[in-house]
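Here's what TrEMBL has on this protein:
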| type | residues | note |
| --- | --- | --- |
| TRANSMEM | 22-42 | transmembrane segment |
| TRANSMEM | 99-117 | transmembrane segment |
| TRANSMEM | 129-146 | transmembrane segment |
| TRANSMEM | 152-169 | transmembrane segment |
| TRANSMEM | 178-207 | transmembrane segment |
| TRANSMEM | 213-237 | transmembrane segment |
| TRANSMEM | 287-306 | transmembrane segment |
| TRANSMEM | 315-333 | transmembrane segment |
| TRANSMEM | 339-357 | transmembrane segment |
| TRANSMEM | 364-382 | transmembrane segment |
Amino acid sequence: MKKLKAYLFTTVTQPDKSIRKFFLWWGFIFLLSILVRLPHFLSKNFWFDGDEAIIGIMAQDLLAGSNFPFYFSGQNYGLSTFEVFSTAIFELLLGPGIWALRLGGLLLFSLGVTFVLRTVQSYPLPRWLFTAILLLLVTFPTWYLWGSMVRGGYVTAFLFVCIIFYCLFRMRTSAGQLFLIGICSGIAFESHVLILLPFSTLIAWWLWQQEGILVKSATILTGFVLTVVLFRWFGYLDEANWGGTQSTWGWNSQIENLQLQMHGLVAGFSSFSHFEMNIPRPFWWDILLKLFLIVSGIYLIWHFFYSKSTERKQYLLIFLSIAAYLILISTIGTASPRYWIGLFTGLLFWLIVAVCTTRSAKTSILTISFLCLISVAGVFSGSKMKQHWYDAGVNEINAFEGFHKTVHESGAKAVFITDNFVQYQWNYLYGKEIPASTFRTKGERIERFCKRVNEYYKENPEDVVIGGLWGIFFTMDTIPGFNDSRHQVETKYFINPNAKEEFVQQGFRFVEGKGG
């Protein structure tokens with residue numbers, strides 16, 4: 001144990017460029033990232049959402065050699081290549097399931113954290129300050145849950161802004177370094193532009209301090225453009241049948257939209273959200289989250305006045321990036337707490353840079369220590385985090401397994417399911433055996449499953465059952481006879497083995513009426 005401590009302390013205080021040490025740090029941070037998330041991983045709320053399931057299906061297709069992934073299935077945005085590959089690694093080892101998804105996300109997240117820490121090691125920080133930054137990174141509220149989620153670009157963007165951070169503040173300036181920054185910026189842009197936007201202030205600030213700024217900017221821009229064009233050239237060869245969020249421009253509508261988004265600000269910071277929903281947070285954690293943001297803001301204001309005049313220029317860039325961020329997020333007309341992730345990722349890096357540049361100041365040491373303690377305390381809220389909107393108070397894994405068992409025992413060859421996300425979750429885990437469809441004939445993200453279900457139903461309706469979330473019946477319960485043959489499963493789900501044509505056609509009409 002003493003030798004291990006001595007080794008870690010040596011690598012902290014004496015950074016080494018060896019690949020071996022880099023991978024040792026990566027492995028250590030990967031295990032630490034798992035450890036701090038165990039309160040969530042071991043809770044009844046441990047589950048995955050429909051978007052993660054799609055990444056899982058894409059990983060299955062990759063392993064089967066049937067498709068090479070670029071963008072999130074069914075769309076031409078949300079670069080997913082790296083998340084699919086990392087998930088595929090764990091599907092090979094563990095098979096399909098939530099652990100393959102979560103570990104696939106953490107593999108990329110921990111790699112990003114490793115790049116940041118190796119950069120921080122180049123500064124002569126006190127040992128406690130380095131440890132505080134390490135703990136802040138692996139428990140940072142915004143990335144506590146999102147760091148383990150493969151949802152089509154989020155954790156990929158995080159990884160590549162971390163690599164850019166390493167290139168800016170650890171690598172020697174060269175044409176290769178500049179071109180690499182451009183490539184990583186292009187990947188982050190294609191993965192999630194809102195995560196790149198606040199971070200880009202560091203790129204601009206670094207360039208601001210360089211000689212030959214035009215040449216260096218042009219080199220970065222060349223790498224950026226080539227990367228974006230390359231991915232879009234190949235990615236756009238895939239047919240897209242799923243539209244993105246529609247932007248709404250206009251003074252009045254954007255003010256209303258921004259007010260709507262502000263209601264999800266703390267939820268987006270804390271990982272207590274699910275698509276358009278704010279998930280209720282423990283009262284004590286809600287107070288600490290707001291205290292974290294207040295202290296961070298006060299510290300950055302202090303750092304502005306404490307810094308040299310040349311360093312204050314970065315705050316002009318930060319102000320401009322925040323303004324641009326608010327303008328962009330105000331064009332989104334639906335509540336989207338998750339879209340605040342980019343701003344708080346920027347906050348994390350702004351704090352790290354401020355601490356590293358004023359590392360001897362007592363204010364920096366006390367502030368980062370205080371923020372670290374708050375962030376670590378948030379680990380104990382992990383069991384309350386949810387990635388589902390329908391909360392039946394059940395163990396999510398056990399309930400879904402019970403749902404599958406009931407469908408399997410019915411002898412069904414396919415199932416119509418009354419929820420998009422449940423459909424994706426089912427097809428990821430059981431779609432090869434029993435395909436599922438949400439009453440569609442086309443326009444699905446992954447169409448082969450709905451085609452198989454429709455074929456089974458056409459050949460023999462008795463081979464197909466209807467199921468889904470209890471209480472979500474797509475108005476089929478208004479048709480006489482539907483309620484007589486349905487029954488509840490594991491509190492949260494239902495199954496109706498009687499897939500009469502009248503019921504099924506009503507399901508198709510309902511989905512079509514909602515926009516297909």
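Including glycine, each Cβ sits where the backbone N, Cα and C put it.
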- request: With Cβ distances under 8 Å as the criterion, find the stretch in 99-117, 178-207, 213-237, 339-357, 364-382 that has the most pairs with the transmembrane segment (287-306).
  value: 364-382
- request: Compare 22-42, 99-117, 178-207 by their Cβ pairs under 8 Å to the transmembrane segment (364-382) and return the stretch that comes out on top.
  value: 22-42
Listed stretch, out of 129-146, 152-169, 178-207, 213-237, that has the most CB pairs under 8 angstroms to the transmembrane segment (22-42): 129-146
- request: Go through 129-146, 152-169, 178-207, 213-237, 339-357 and flag the stretch with the largest number of C-beta pairs under 8 Å relative to the transmembrane segment (315-333).
  value: 178-207
- request: Using a Cβ distance cut-off of under 8 Å, indicate which of 129-146, 152-169, 178-207 has the most pairs with the transmembrane segment (99-117).
  value: 152-169
Query: Which bits of the chain, at least 6 residues beyond where the transmembrane segment (129-146) starts or stops, bring a Cβ under 8 A of a Cβ in it?
result: 12, 29, 32-33, 36-37, 40, 109-110, 113, 116-117, 120-121, 154-155, 158, 268-271, 289, 292, 338, 340-341, 344-345, 348, 351-352, 355, 359, 364-365, 368-369, 371-372, 375-376, 378-379, 382, 385, 387
